Amino acid sequence: MSVKIIIPSLGESVTEATIAKWYKKLGDSVKTDELLLEIETEKVTLEVNAPCNGTIEKIAKTDGANVTVGEEIGEINEVVDTDTACTNNNSYKKQAIVQHDSEQIVDKPASSSNILAPSVQKLVTENKLDPNNIKGTGRGGRITKCDVLETINTTPVTIETPALNKTNEERTQRVRMSRLRKTIAQRLKDSQNTAAILTTFNEIDMSKVIALRNQYKEEFEKKHTVKLGFMSFFVKATIEALKLIPSINAEIDGDDLLYKNYYDIGVAVGTDQGLVVPVVRDADKMGFADVEQAIGDLAKKAREGKLSMSDLSGGTFSISNGGVYGSLLSTPIINPPQSGILGLHKTEERAVVIDGKIEIRPMMYIALSYDHRIIDGKEGVSFLVKIKNLIENPEKLLLNL
């Protein structure tokens, strides 16, 4: 009996994907829930597993092919196993993964024919390692990412000197863009082509908020079991500024302006695969600890590739913190259909004039990129001034002033 291999549901509003890699060939034997292939959507990578025991008898779509939900991409000649019944053909086990996922583990292969799970296999392949020479410290001798990294760190590096007669073509590498990278590229270009993007800047004296955090961070963490960072201050300040300037929390819908009376704040997170912007829902109803916890949880899921489409969809305004990478100044690009994005940057000590005297203060540049079709320059400037005043006087945030 032939069982079809079909593309499973990919989440709300997602209908297309790209086959990243098949891990089985025609004629290969497979077991129920064994990894068959990886597919990439706009935001995440998913595993498609075998619906039953059997042999691969047909592969209709190969690596790099675009596919749609419900499309047949192959067939398995089912072999009935008395110990393992065939699973329902429509109930594929899916798991979002990310390159070099620290939680991905695999059985240590007994021979070269064994196939490693995608994230570990990629790390092993990129570093030209033999998995048989890697000692697994996981349960049952399984190999974890840490085992691979330990092997890399303890293996001498040999640097090859390129031959002088090599052509430029031989010294280049062509790699197909992932669906996530293509989506990022397309959305950023669409944003620039559609919106009338303008960026305005201001700077913030971080002295008071740094002092406040230093004074209460240990007590805060002890009570709430989450660290007190600066992002919660900026999220709360941003919400107050959005309430003051509602057009920045709105979007253009055809010939109408859609004003949103809720505050779902997207927080940009960099991952190995690219930038994602998970959303903190109803952030205006959260306390500082709730905001910090939500951001921490979403960032962890992003790095592990476990974000769902619901984590990424929607959002009324976004915040991007290039300061964590050392950025001093930037012009962030709007995440459509939103109308604005706040860019945070590195805090560094600079000489500033305070009451006619030069003092050294920890200063941060902030930037607001906004759609000038819906937001006037005065509104953009007022938005940043509001954030500046709240961060420089954090007691106003705490007292809701």
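These residue numbers are counts, starting from 1, taken along the chain as shown.
Note that Cβ sites are derived from N, Cα and C of the backbone, with glycine treated the same way.
Summarising the annotation, Swiss-Prot assigns domain 'Lipoyl-binding' to 2-77.
Annotation comment: Swiss-Prot describes Lys43 as N6-lipoyllysine, evidence class sequence analysis.
Under the heading domain 'Peripheral subunit-binding (PSBD)', Swiss-Prot lists 115-152.
Marked as active site by Swiss-Prot on the basis of similarity to another entry: His372 (among others). In the three-state DSSP assignment, the secondary structure recorded for His372 (active site) is coil. In sequence order, Ala195, Ala196, Ile197, Leu198 make up the list of same-chain residues 6 or more apart from His372 (active site) whose Cβ falls under 8 Å from its Cβ.
Its Cβ placed at the centre, Asp376 (active site) has 13 other Cβ atoms within 10 Å. Summarising the annotation, Swiss-Prot assigns active site to Asp376 (among others).
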The DSSP breakdown of the domain 'Lipoyl-binding' (2-77) into helix, strand and coil residues is 0 helix, 40 strand, 36 coil
